[in-house]
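Undergrad: One structure coming up, written as structure tokens, with questions to follow.
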Amino acid sequence: MLFLSFYAGSWESWICCCCVIPVDRPWDRGRRWQLEMADTRSVYETRFEAAVKVIQSLPKNGSFQPTNEMMLRFYSFYKQATEGPCKLSRPGFWDPIGRYKWDAWSSLGDMTKEEAMIAYVEEMKKIIETMPMTEKVEELLHVIGPFYEIVEDKKNSKSSDLTSDLGNVLTSSNAKAVNGKAESSDSGAESEEEEAQEELKGAEQSGSDDKKMMTKSTDKNLEIIVTNGYKDSFAQDSDIHTDSSRSARRSEDKKPTDQSSQQTGNTVLCVHQDTNEDPGEDASGVHHLTSDSDSEVYCDSMEQFGQEEYYLGGDPAQHLEGSGFCEDAQLSPGNGSIGKMQMRAVKGKGEVKHGGEDGRSSSGTPHREKRGGESEDISGVRRGRGHRMPHLSEGTKGRQVGSGGDGERWGSDRGSRGSLNEQIALVLIRLQEDMQNVLQRLHKLETLTASQAKLSWQTSNQPSSQRPSWWPFEMSPGALAFAIIWPFIAQWLVHLYYQRRRRKLN
């Protein structure tokens, strides 16, 4: 209590100010300690009590019936958590159930109460999924919270490459390129990754490109664009057809060219619409596309197959009419190679030269470079076995278009294609994740089974008593027989002693 005195003017006033200063009393310290202890132990005790309520609320004839071993474990942990280590004597032979319970309880030894509570809750977590959902179970789940472990997938290099790259395909829209050469590997899975990557861009433009398919124009010229940094000029052809009879022979003749083209980018076929082209340049230029593995054009989706029929079947003067749009049609073999042949129809005049600049001159006429008297071998970029373009005939001329080797993909994106490859990629990712989860569960089950087998083997190897299993008494049969016969033998010996004594007296 603190008193303050003030003097004001002609009168004197006393103002009493009471300041209560908190004092750390012993009973307050004890109360705070009890609250802190209640907070710290409430976590384990609350979970333990909720788990005990779940076990006690199980109906006798319910859908979930725990085994005897499971109930013995719960009993032993409950007794250890509530009463501590077992200090009682073992029940007699007339109480076999009590003896089993005593054995389970005493096997825990000096386990603390907190450890017993934790073990009780952990045992409950193993079976909580198989139990019917009741109010007690919901309360236990609310108290425990999320108890599932988040296990990261540990995959080998091949499987991790597949899932990680396919995951990047779904989020990234740009292809990897270094110095004008698309990065590639020898696995067939990466070809599906690049296909799925470009399908996402093609799906967005599917609506607009389908409408442009119906437009018509008059003149058309077929032009080959090689995006590998080399300058190659080819003539045009009025017909694109497939021929499989010469694929084996040409595969042997063009191995050097194929090896050089494997290190380059993608081969693109472009259909240019140019009204000022010289008619003399329209000659036989582009020959057929063949495959090392099969004799047919491989299509990834039904829409692509229909588009390739549109270009490859019938008169090109009818089917290539109205090609005022850009479309990339990927031709990939069935073995998963990612060699890409892009057919592109570009409306207007001009070309793209080395460096990516427009090929038109200042006067508006396209810059042309012609090369005659030589034979060109064009091969699609192959991985393993891929598509190949045979060499062109001698004296072919045409418009050449190249890239500057800067790694950029120029031209329009892939046209409309179906979502078949995208769905396949997603299914593969989910299937692989499910397989990894199944393998992890199987591994856990195997380890659990091995530990249980080891535990049962240890318990079976413990020295058992000499009595048979059917004997109901605690002592052995021989000891019981001796206990029964011993009084008779003792009485007989006493009787013999008295008889001899009487004979001596007589």
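Keep in mind that glycine also has a Cβ here, set from the backbone N, Cα and C atoms.
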Undergrad: Considering the residues SER191, SER208, SER379, SER393, which is the one that Swiss-Prot annotates as phosphoserine?
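TA: Out of SER191, SER208, SER379, SER393, Swiss-Prot attaches the phosphoserine annotation to SER191.
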Undergrad: Between 10-35, 114-139, 426-451, I'd like to know which one Swiss-Prot lists as coiled coil.
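TA: Residues 426-451 are the ones Swiss-Prot records as coiled coil.
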Undergrad: In Swiss-Prot, which of these is labelled phosphoserine: SER187, SER217, SER293?
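TA: Matching SER187, SER217, SER293 against Swiss-Prot annotations yields SER187.
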Undergrad: Labelled phosphoserine in Swiss-Prot - which residue from SER63, SER184, SER244, SER460 would that be?
TA: SER184
Undergrad: Which residue, chosen from SER185, SER291, SER337, SER456, is annotated phosphoserine in Swiss-Prot?
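TA: Annotation hit in Swiss-Prot: SER185.
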Undergrad: Here are some recorded positions: LYS101, LYS444. Which one has the most Cβ atoms within 10 Å of its Cβ?
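TA: Buried the deepest by this measure is LYS101.
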Undergrad: Counting other Cβ atoms within 10 Å, pick out the least crowded of the binding-site residues ILE55, LEU58.
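TA: Result for the binding-site residues ILE55, LEU58: minimum number of other Cβ atoms within 10 Å at LEU58.
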Undergrad: Among the binding-site residues PHE64, PHE77, which residue has the fewest other Cβ atoms within 10 Å of its own Cβ?
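TA: Checked PHE64, PHE77; of these binding-site residues, fewest Cβ neighbours within 10 Å: PHE64.
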Undergrad: Compute the C-alpha separation of ASN61 (acyl-CoA binding site) from LYS444 (N6-acetyllysine), stating it in Å without decimals.
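TA: Given the Cα positions, ASN61 (acyl-CoA binding site) is 31 Å from LYS444 (N6-acetyllysine).
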Undergrad: Sort the residues of the domain 'ACB' (44-133) into helix, strand and coil with DSSP and give the three counts.
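TA: When I sort the residues of the domain 'ACB' (44-133) into the three classes, I find 58 helix, 0 strand, 32 coil.
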